[in-house]
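Taken from Swiss-Prot, the feature ATP binding site covers GLY151, GLU152, SER153, GLY154, ALA155, GLY156, LYS157, THR158, and the record attributes it to sequence analysis. For SER267, SER604, SER1025, SER1123, the entry in Swiss-Prot reads phosphoserine. Residues or ranges marked as phosphothreonine by Swiss-Prot: THR405. As annotated by Swiss-Prot, region 'Three-helix bundle' applies to 835-916. As annotated by Swiss-Prot, region 'Interaction with TAX1BP1 and CALCOCO2/NDP52' applies to 1034-1253, with the evidence given as similarity to another entry.
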Amino acid sequence: MEDGKPVWAPHPTDGFQMGNIVDIGPDSLTIEPLNQKGKTFLALINQVFPAEEDSKKDVEDNCSLMYLNEATLLHNVKVRYSKDRIYTYVANILIAVNPYFDIPKIYSSDTIKSYQGKSLGTMPPHVFAIADKAFRDMKVLKMSQSIIVSGESGAGKTENTKFVLRYLTESYGTGQDIDDRIVEANPLLEAFGNAKTVRNNNSSRFGKFVEIHFNEKSSVVGGFVSHYLLEKSRICVQGKEERNYHIFYRLCAGASEDIREKLHLSSPDNFRYLNRGCTRFFANKETDKQILQNRKSPEYVKAGSLKDPLLDDHGDFIRMCTAMKKIGLDDEEKLDLFRVVAGVLHLGNIDFEEAGSTSGGCNLKNKSAPSLEYCAELLGLDQDDLRVSLTTRVMLTTAGGTKGTVIKVPLKVEQANNARDALAKTVYSHLFDHVVNRVNQCFPFETSSYFIGVLDIAGFEYFEHNSFEQFCINYCNEKLQQFFNERILKEEQELYQKEGLGVNEVHYVDNQDCIDLIEVKLVGILDILDEENRLPQPSDQHFTSVVHQKHKDHFRLTIPRKSKLAVHRNLRDDEGFIIRHFAGAVCYETTQFVEKNNDALHMSLESLICESRDKFIRALFESSTNNNKDTKQKAGKLSFISVGNKFKTQLNLLLDKLRSTGASFIRCIKPNLKMTSHHFEGAQILSQLQCSGMVSVLDLMQGGFPSRASFHELYNMYKKYMPEKLARLDPRLFCKALFKALGLNEVDYKFGLTKVFFRPGKFAEFDQIMKSDPDHLAELVKRVNLWLVCSRWKKVQWCSLSVIKLKNKIKYRAEACIKMQKTIRMWLCKRRHKPRIDGLVKVGTLKKRLDKFNEVVSALKDGKPEVNRQIKNLEISIDALMAKIKSTMMTREQIQKEYDALVKSSEDLLSALQKKKQQEEEAERLRRIQEEMEKERKRREEDEERRRKEEEERRMKLEMEAKRKQEEEERKKREDDEKRIQAEVEAQLARQREEESQQQAVLAQECRDRELALRIAQNESELISDEAQGDMALRRGPAVQATKAAAGTKKHDLSKWKYAELRDTINTSCDIELLAACREEFHRRLKVYHAWKSKNKKRNTETEQRAPKSVTDYDFAPFLNNSPQQNPAAQLPARQQEIDMKRQQRFFRIPFIRPADQYKDPQNKKKGWWYAHFDGPWIARQMELHPDKPPILLVAGKDDMEMCELNLEETGLTRKRGAEILPRQFEEIWERCGGIQYLQSAIESRQARPTYATAMLQNLLK
């Protein structure tokens, strides 16, 4: 099928695999993989896509593919990835695949120079091209820009962000120290904010929005970094294969001995905050030798160093110190940072044990004394005060509204541990804030015209165990995905509709309900969490129960027991919840949600740290203390500062900033879970492409216009360079002249109501027009002026040609007048002399008759001399009369009188001669009369037969018209009956459509949930549960399930029959009911297949027409979307009709204009005809007759794929006036076009299906 062309079909690990269609099922296609001949599998028809003809070809912009679908998108990315081409476009969106190794020269300074000022598409896809586009858009549009770098953890967001910043500073910096500072700030931020996770060795555990500010000359003048949601829980605990923040390990590995002794550092395994995770350093062979043995943990000694081409703890420590120096940190401030980091490590080593006294509480273990001493020393605290603050909590009693006694409440071991960890998180969090503020101080700016912001924030995260950090990160990604949907999909389509471009609508998943679930006031999860924090005794269990109670029937929220992973099903309902995010379902364990949502310390700990002897420590907490003065509660109580709502506020401010700027998108893709090079896991990459919206963008860009400019903006940009005569032009007319002057192809752009739009891949042309360089604008104005001059000169030429044509027309008319005068004069002359001329003609005719006299005389036997004398005298009289007419003016009456006398003489003479031969002539005359009578009799019989046939045809046509009118009346009667119940039916259908739409959304979401669960299971070496595995089987839509249910009540269940089996049964079966059922199922599958072909046709090609549009104009969507129309029960009348009507033969003819000729010939001179012979409800023979083309003959069986697949009722032919013709009219055309020979050859090759036509031909041949 499909002429052996390959298609892409789903594959569980590769995403898609190439194969051939070998059979058509009820709702699926049977595929034979190209690399596994003989093996087949089923694939849902809407998950099969046509493949490119050259499977090894790759394109830089996926919009250039012949077939635009998710399979070709994935394959193109894969082919380019195998060639180390990690960047690909989808229109103006960049897809970046993480290579996990250094590609030579791809980010060199020469490469940077090669992209400067180049339009998107003129150079190979690159992150530099997006950065340059953002800069040029900022410069031309006078509008700040944003670059949103998104993707999963480990997809390469941080690296691509650094490349964008480096490109902007190197290309458009002022050459001063500030350019280097902006670039050098990254190593410092990464050291304090990045860490190794199971999915990424250099994962950013915070979000940042880096703004590069430019002056009016578009030169870099400074920058600013905003940061969001540092993962504070990582400071105290990490996973087994994960590490704490890089700074801890780099300080242990790279610090000098002097610093090491001052900070009392040792190997990572000696610190509680490091030894519960991975304690190995990142190092290569050279730096491994430079790390002293006493700094290596036993795990490092046993397993060796961690390997990553971008990470090296010892070398990165040196680079970090260099970066600190470049951004202006002196040695003292550098040591302050290290001192706080070391203080946090020693704080974590403080252990507690239960006190032996009856008062309860706890004490420090003896072995923790050194750690307490080191921590107090490094943080500038008193040892005793630190001990007391960690083991007790101060409470202040109240009496009658006045302050009472200060009471110290001893803490239990668990409470002390929590207090210690809270202090460590707070200290490190404030240190990180200080680092970011210090970075911002190193590149200040006084004034800024515009900025380019680069957003790098943690990607969508899904682990086996997910907590509050993952919840906030995924909430952020939901908001960013919504911004992407709004900017790229929603706003684009609204603009296309507003401008009247006629672009087809693209549907996408709206995640607003998920965002509302999290952030809506009062009942949102964040507000419920804040409310829980305000309770006297908050608990995670109570919070979780309230969430489930408030959102009991919410589609996006469910209980852990419904997870696809077995490990989550062990959770109780009050221990977690599942949120169905845009990328898939994630199970959150709510333990510590309440604690992590509070960013405040107990008053005793906060007072302790704020009163530190160390001025650097005090400075870290001063700003926080000032901000929270008004929010402090009574001593001893834990004041509440909501982390969730603080992040929500920051996020909304960020999105407001993004919405106020132009946006460019970089979608980073993680090629595999093992983080190895040249390994492409298609299924999980496909999931990333789908979740990032690339498939929807691809659908939109089939007819989209990613670049646009307002007529007035263009006009105003060029106005000051225009001469006065051009300035008078209308803006729209000027734009048209500009495009004509540049020689742009009209296919590449389209004019809207107020803007001009450019197709994907035409960014170079757009940039050429929008380039605001004065010399360039002046040059374009000259070209417009030149084009206008040339255009007007052509108009002058045309006018000259028109004048010449008018002159020739005048000359032609003068000659015509002369000809008319000549003709009139001739006519007047003829009218004057016509009697004499007519007389001469008649007399001349009479003279010619004398030859007949001579013939008669020659046959006479007697009296010849006398007769000859009489004839001679008659001839003399005739000559005399002719001479008289010529010489004298005689009237018509005179001529007639003398002519009559001569005629009488000649008749008398002739009658005398004829009497002698009367007998012979009489016999001859009788014979001729007899022949004439016989001929007349035959002619009358033929006329009678013709009239009889015409009468019969008129009678048949009247019967056909009467039948058509009767059918029309019956149809109208049925419609009237339907209208009476239309309100109920429409309401029911609306409910069904809504339910089915929701069901489709649920199925799509469950599919994403399964894919995400599978990826977690692969990563965590955990199998998906049996129920989840069962769900991975081929899923059927509700309509297909209804079809199967209906099949159980029918006599013949054909749902499992193959396409070939249906065809063979139709050709051989004698069971009328089975034959009717097979015909119906056969044509239903043809409808589904042709609908699939129409949806997946080649780009910029017309849909293949098997019949005129008026016949095939039915809705394709129900067949692709598994709508209830697929239910065979709904088609039962057609089957019953075939059984009841005993295969009535009907013939039709309607006009047929091919799509390619539709607009080329307005007068329909190339109109063809479409003939159809229906054997019962199904078509048996089909003809197409087109001018200048050989006729196309098709017969059922042999040509099913090219014939009309609709039944007679669905075509509407019976309701078309004048469409039905007589069998004789069809058969005449069929025979004349060679149909008999074509049908005979099909019968002999056993390809023709048994029909009325085949039976008649076989009888004729016998």
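Just so you know, glycine gets a Cβ as well, placed from its N, Cα and C.
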Might you list, by sequence position, any residue in that chain lying six or more from LYS157 (ATP binding site) with a Cβ less than 8 Å away from its Cβ? VAL149, SER150, GLY151, SER204, ASP456, ILE457, GLY459, CYS668
Most isolated by CB count within 10 A, of the recorded positions SER153, THR158, SER267, THR405, SER604, is THR405
If I take every residue in the region 'Interaction with TAX1BP1 and CALCOCO2/NDP52' (1034-1253) and average their pLDDT values, what number comes out? 72
Cβ-Cβ distance under 8 Å, sequence separation of 6 or more, same chain as ALA155 (ATP binding site); the residues meeting this, in order, are ALA96, ASN98, GLY459, CYS668, ILE669, LYS670, GLN688
Once GLY151, GLU152, SER153, GLY154, ALA155, GLY156, LYS157, THR158 are set aside, which residues in the chain still have Cβ within 8 Å of the Cβ centroid of the ATP site? ASN98, ASN200, SER203, GLY459, CYS668, LYS670
In which DSSP state, out of helix, strand and coil, do we find LYS157 (ATP binding site)? helix
How many Å separate the Cα atoms of SER604 (phosphoserine) and GLY154 (ATP binding site)? 40
Looking only at C-alpha atoms, tell me how far THR158 (ATP binding site) is from THR405 (phosphothreonine), rounded to the nearest Å. 53
Distance from SER267 (phosphoserine) back to GLY154 (ATP binding site), taken between C-alpha atoms, in Å: 27
Would you mind reading off the Cα separation of SER267 (phosphoserine) from GLY156 (ATP binding site), to the nearest angstrom? 30
Hey, what's the Cβ neighbour count for GLY154 (ATP binding site) at 10 Å? 23
Do you know offhand how many angstrom separate GLU152 (ATP binding site) and THR405 (phosphothreonine) by C-alpha? 54
DSSP, reduced to three states, assigns SER604 (phosphoserine) to helix
